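First the structure, then my questions, so here it is.
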Amino acid sequence: MGQPGNRSVFLLAPNGSHAPDQDVPQERDEAWVVGMAIVMSLIVLAIVFGNVLVITAIAKFERLQTVTNYFITSLACADLVMGLAVVPFGASHILMKMWTFGSFWCEFWISIDVLCVTASIETLCVIAVDRYLAITSPFKYQCLLTKNKARVVILMVWVVSGLISFLPIKMHWYQATHREALNCYAEEACCDFFTNQPYAIASSIVSFYLPLVVMVFVYSRVFQVARRQLQKIDKSEGRFHAQNLSQAEQDGRSGPGHRRSSKFCLKEHKALKTLGIIMGTFTLCWLPFFIVNIVHGIHDNLIPKEVYILLNWVGYVNSAFNPLIYCRSPDFRMAFQELLCLHRSSLKAYGNGCSSNSNGRTDYTGEQSGCYLGEEKDSERLCEDAPGPEGCAHRQGTVPDDSTDSQGRNCSTNDSML
């Protein structure tokens with residue numbers, strides 16, 4: 001977000017920086033500028049490189065092109081725009097202690113900042129709903145949320161985020177009326193984000209707090225369902241291992257299918273944990289800033305400008321974290337290694353999401369859906385049924401399954417969803 005203009009000091013400026021006529025303070029000021037420039041440059045490089053890698057991996061490898069990963073792409077795009085159009089100009093503003101890009105770009109820069117944060121948290125809300133549908137209604141999931149519908153949802157997220165961010169700023173609904181703010185608005189070299197109290201509170205609620213409440217509520221429901229499923233897996237595994245060996249042999253499909261289903265569900269829950277880490281990291285990085293933003297809107301001089309800007313940059317750094325979190329996924333790790341030419345030999349068939357069998361035939365591995373624990377006591381179904389002897393069904397799953405059908409073909413699902 002833009003910097004509040006209630007003070008004239010700058011982020012982490014060293015003591016004595018206001019006495020340029022003294023050699024020691026001037027040297028300290030130069031050292032501070034160089035040090036901060038290096039740190040900020042590394043942040044920008046990490047954001048851009050990491051998110052370009054994520055977007056390229058999903059675009060190149062068909063195995064990663066799942067509904068959930070479409071939303072991950074949207075999130076990576078928001079982070080990439082943050083790294084290209086927001087963070088560098090924010091760094092320049094701090095280091096040069098003035099705005100050098102004109103009043104039009106000042107408003108545009110602030111609008112893009114709000115856009116990226118709003119689009120990110122709205123996308124996280126959509127991912128939470130996506131996972132809720134996948135884990136509670138796996139058999140309806142394919143119809144409820146197709147790839148085309150996912151594209152429409154992503155478009156709506158960006159349109160709504162654009163209206164929330166650009167409209168109030170371009171219409172100047174945010175502007176404060178006190179003298180310091182008016183002087184800043186009239187000066188092109190000033191890009192401090194002075195806001196009136198209604199805008200500060202309303203924008204924080206609409207852009208952050210409301211989506212945050214929705215995200216936390218939906219994802220808490222997802223984890224409640226996941227916990228119940230894990231408990232059923234534990235109970236069912238105990239019953240399975242207690243069965244007589246002869247009974248297991250009489251039912252050739254129940255044993256392996258049961259193990260595959262349990263493995264599938266457990267890895268689905270691991271994927272949920274990864275998405276939970278992404279959402280938790282975003283919340284931890286941005287929540288302090290938006291708390292301060294509300295306080296700043298109510299009492300202008302209560303929060304030092306250094307604290308405001310520092311918390312803003314903590315939020316910026318979040319854009320570099322997500323690519324690191326995606327490395328929890330084996331498929332993302334392999335894709336990153338392939339793109340960086342670190343592990344080419346084992347990824348020959350990776351790009352099209354296919355796996356070759358001993359007969360030289362290739363089977364396509366489908367995309368993800370959720371894990372399901374049915375209530376039927378007679379079948380004790382844990383997830384989707386394993387492929388029958390007719391061949392590999394077009395199963396959907398988030399994790400690899402090393403099973404084969406009766407003809408020796410690989411019926412494994414993939415781990416493309418984190």
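For all residues, glycine too, the Cβ spot is worked out from N, Cα and C.
Below are the features I grabbed from Swiss-Prot:
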{"type": "MOD_RES", "residues": "TYR141", "note": "phosphotyrosine"}
{"type": "MOD_RES", "residues": "SER246", "note": "phosphoserine"}
{"type": "MOD_RES", "residues": "SER261", "note": "phosphoserine"}
{"type": "MOD_RES", "residues": "SER262", "note": "phosphoserine"}
{"type": "MOD_RES", "residues": "SER345", "note": "phosphoserine"}
{"type": "MOD_RES", "residues": "SER346", "note": "phosphoserine"}
{"type": "MOD_RES", "residues": "SER355", "note": "phosphoserine"}
{"type": "MOD_RES", "residues": "SER356", "note": "phosphoserine"}
{"type": "MOD_RES", "residues": "PRO387", "note": "4-hydroxyproline"}
{"type": "MOD_RES", "residues": "PRO400", "note": "4-hydroxyproline"}
{"type": "REGION", "residues": "381-418", "note": "region 'Disordered'"}
{"type": "MOTIF", "residues": "415-418", "note": "motif 'PDZ-binding'"}
{"type": "TOPO_DOM", "residues": "1-34", "note": "topological domain 'Extracellular'"}
{"type": "TOPO_DOM", "residues": "59-71", "note": "topological domain 'Cytoplasmic'"}
{"type": "TOPO_DOM", "residues": "96-106", "note": "topological domain 'Extracellular'"}
{"type": "TOPO_DOM", "residues": "130-150", "note": "topological domain 'Cytoplasmic'"}
{"type": "TOPO_DOM", "residues": "175-196", "note": "topological domain 'Extracellular'"}
{"type": "TOPO_DOM", "residues": "221-274", "note": "topological domain 'Cytoplasmic'"}
{"type": "TOPO_DOM", "residues": "299-305", "note": "topological domain 'Extracellular'"}
{"type": "TOPO_DOM", "residues": "330-418", "note": "topological domain 'Cytoplasmic'"}
{"type": "TRANSMEM", "residues": "35-58", "note": "transmembrane segment"}
{"type": "TRANSMEM", "residues": "72-95", "note": "transmembrane segment"}
{"type": "TRANSMEM", "residues": "107-129", "note": "transmembrane segment"}
{"type": "TRANSMEM", "residues": "151-174", "note": "transmembrane segment"}
{"type": "TRANSMEM", "residues": "197-220", "note": "transmembrane segment"}
{"type": "TRANSMEM", "residues": "275-298", "note": "transmembrane segment"}
{"type": "TRANSMEM", "residues": "306-329", "note": "transmembrane segment"}
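Tell me what's around each of these sites.
In the predicted model, the topological domain 'Extracellular' (1-34) has a mean pLDDT of 56.
The DSSP breakdown of the topological domain 'Cytoplasmic' (130-150) into helical (H, G, I), extended (E, B) and coil residues amounts to 18 helix, 0 strand, 3 coil.
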Across all chains shown, how many C-beta atoms besides its own are within 10 angstroms of the C-beta of TYR141 (phosphotyrosine)?
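Counting Cβ neighbours of TYR141 (phosphotyrosine) within 10 Å gives 20.
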Could you check if the transmembrane segment (72-95) is in contact with the transmembrane segment (306-329), meaning 3+ Cβ pairs under 8 Å among residue pairs at least 6 apart in sequence?
yes
Of the stretches 35-58, 151-174, 197-220, which racks up the most C-beta pairs under 8 Å with the transmembrane segment (306-329)?
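Highest pair count goes to 35-58.
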Going by DSSP assignments with H, G and I as helix and E and B as strand, what are the residue counts for the topological domain 'Extracellular' (299-305)?
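Helix, strand, coil within the topological domain 'Extracellular' (299-305): 1 helix, 0 strand, 6 coil.
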